[in-house]
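J.: Reproduced below are the annotations present in TrEMBL:
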- 561-621: domain 'CBS' (DOMAIN)
- 101-124: transmembrane segment (TRANSMEM)
- 136-154: transmembrane segment (TRANSMEM)
- 166-185: transmembrane segment (TRANSMEM)
- 191-208: transmembrane segment (TRANSMEM)
- 228-249: transmembrane segment (TRANSMEM)
- 313-338: transmembrane segment (TRANSMEM)
- 350-375: transmembrane segment (TRANSMEM)
- 381-408: transmembrane segment (TRANSMEM)
Amino acid sequence: MFSTVITVCVSPAAAGSGIPEVKAYLNGVDAPNIFSWRTLFVKVLGSIGAVSSSLNVGKAGPLVHTGACIASLLGQGGSKRYGLTWKWLRFFKNDRDRRDLVTCGSAAGMAAAFRAPVGGVLFALEAVSSWWRSALLWRAFFTTAVVAVVLRALIDVCNSGKCGLFGKGGLIMFDVTSAGIAYHIVDIPPVIALGVIGGILGSLYNFLLEKVLRIYSFINEKGRFYQLLLAGGLSIFTSCCLFGLPWVAPCKPCPAGASEPCPSIGRSGNFKKFQCAPGHYNDLASLFFNTNDDAIKNLFSSGTDSEFHHESILIFFCASYFLGILSYGVVAPSGLFVPVILTGATYGRFIGMLMGSFSTLDHGLFAVLGAASFLGGTMRMTVSLCVILLELTNNLLLLPLVMLVLLISKTVADTFNSNIYDQIMKLKGLPYLEAHAEPYMRQLSVSDVVTGPIQSFNGVEKVGNIVHVLKSTRHHGFPVIDEPPFSDPPVLSGLVLRSHLLVLLKKKNFSPTRSLVGIDASQQFSADDFSKRGSGRGDKIEDIEISMEEMEMYIDLHPFTNTSPYTVVETMSLAKALILFREVGLRHLLVVPTSSNRSPVVGILTRHDFMPEHVLGLNPFLLKSRWKRLRFQSTGLIKAFNGSLLNL
């Protein structure tokens, strides 16, 4: 409840994992307040509260968001509002460098969550980044290397006993090493089955989570009271499961030669007594009443084949599966990685128990492969997950099997739905541009999707016209066209941004006559005047006061215009335009005509123009074309699968 209260009241943008927001930002979507000081503060405290309350949520996602917040705040030089600014950081006040910093911050967050520096770099490359370049690779690697060194130093301090209870557990490092791991050709079929079932379970997990998030969204829209009521109800339900389900599990006698006291006495331990007779322990309570990290370590550990009942593992799998789905939509910082790893490890160990003598693999190894298959089925990542799991378990011998399981589970799950983060972005309305162009885009040209009259300015424009256009539209970019007497015929001079126009209006560098003032006008401004604003409130046209006399004056836009904007001919394929727009990282793409007797600009392509909803809304005939049958119509297997899900 503490986590939910501070999230609802201080920064609602801190709710959830944060990875979808980071992924959308690195794709070009700048959602409000996702990297603000408030969001960082709530993300740290809220994730601590949510995880320590025993909700089935993780901390990897919030740590990724936390790293991205720190990077973004550094990139904007601090906070002007609170007087915390550093002038030496002004060099990062541009889109590309800030995007690179956020990418490195997300890699650092993943590296800190799993103590996996290489996995953090690959996670940033595979999962969140839309634009990657060679210089960013070594920068991200340097960032994660520093994270690993600092974290190792802090762990050493805590291991010396100087941290008290804060040094006991809580860091995801399983270090499950087995030098005698060996597998044979007869073990491949069970591994393939793990991948197939993991892909099906992962796609089902995504399907159910999407439905639950839609219901939670309807509840949360009713106001703060309902948000808090939902969090309180889910907390009570989770507590009932944690304390009620162990009653149905049988007690087991303590194993001989255990390396720790059995049953456990005190706050930590792997053998919880829970109403059992002396010398016995409850294996289901041992999973429920430990941290998620310790529970995963117990499931991953080798040589523990006899420590768990079949019934206990099955009950724990069902509980963690559905509690992970129900817990994520609460308005509080929460991650998906650890619950998915825990659920997958339980599922893998259960499959290992069922295989029995049919496989030579250890149950702990089955748990690792089960976690990999479930991660592949939900997250749909391959290389980064493989490296993260290898760094977690500290065992390179698992590499071939983990690779095989991840590839199979991802392939199977992709036939049913998309990865969980893409679904969450779609639910939140974040316009994410995919790396590929849909087949129907090859049938269209850019002129087929350009809509509405274009708003443009003259090279020397009246102040009143600029104010009117800025107040009547929400556009962020405007073509600048030179017309007689400055040019004959009209020619495209460039593109000017709304933010730059607001700076010009605020400085009131006007001219009483319609004449060119020359390049010297730009010397009255500094580079900091036009730098990209941070997460704070930017300038608005409604806040700028301009007198009637000033409305009749003029501004020469030439010194402040981007004279080399990206342009495409109106006959270009929409698919090619999308690739150019996404790969270069554009916000505006000017459309020029094929003939010279028309206006030099016939439209502007923005992110909205490439969205499937917009394109298909303008061209409904494409709904009946062959591409739809290939891309969207379900096969008989998928229809049967979705029908069975709806019946649930």
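The backbone N, Cα and C atoms fix where each Cβ goes, and this holds for glycine too.
Walk me through where these features lie, including what they touch and how far apart they are.
T.: Per-residue pLDDT, averaged over the domain 'CBS' (561-621), rounds to 89.
Away from its own ends, the transmembrane segment (191-208) comes close to residues 321, 324-325, 340, 343-344, 347-348, 351, 366, 369-370, 372-378, 401, 404-413, 415-420, 423, 641-642, 645, 648 of its chain (Cβ-Cβ under 8 Å, at least six residues beyond either end).
The list of residues near the transmembrane segment (313-338) in space but at least 6 beyond its ends in sequence, with Cβ under 8 angstroms from a Cβ of it, reads 3-4, 7-8, 12, 14-19, 42-43, 46-47, 49-50, 55-63, 65, 113, 172, 201, 205, 208-209, 212-213, 215-217, 220, 227, 230-231, 234, 237-238, 241, 245, 248-249, 284, 287-288, 292-293, 296, 346-347, 349-350, 353, 375, 378-379, 420.
Below 8 angstroms of C-beta separation, residues 176, 178, 181-184, 186-187, 190-191, 193-195, 197-199, 201-202, 205, 296, 299-305, 308, 310, 313-314, 317, 337, 340-344, 381, 385-386, 389, 393, 398, 401-402, 405-406, 408-409 of the same chain, each at least six residues beyond the ends of the transmembrane segment (350-375), sit close to that stretch.
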J.: Summarise the domain 'CBS' (561-621) by DSSP state, stating how many residues are helix, strand and coil.
T.: 24 helix, 12 strand, 25 coil
J.: Looking only at residues six or more beyond either end of the transmembrane segment (136-154), which have a C-beta under 8 A from one in the stretch?
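T.: Distal contacts: 100, 103-105, 107-108, 111-112, 115, 117-118, 120-121, 124-125, 129, 171.
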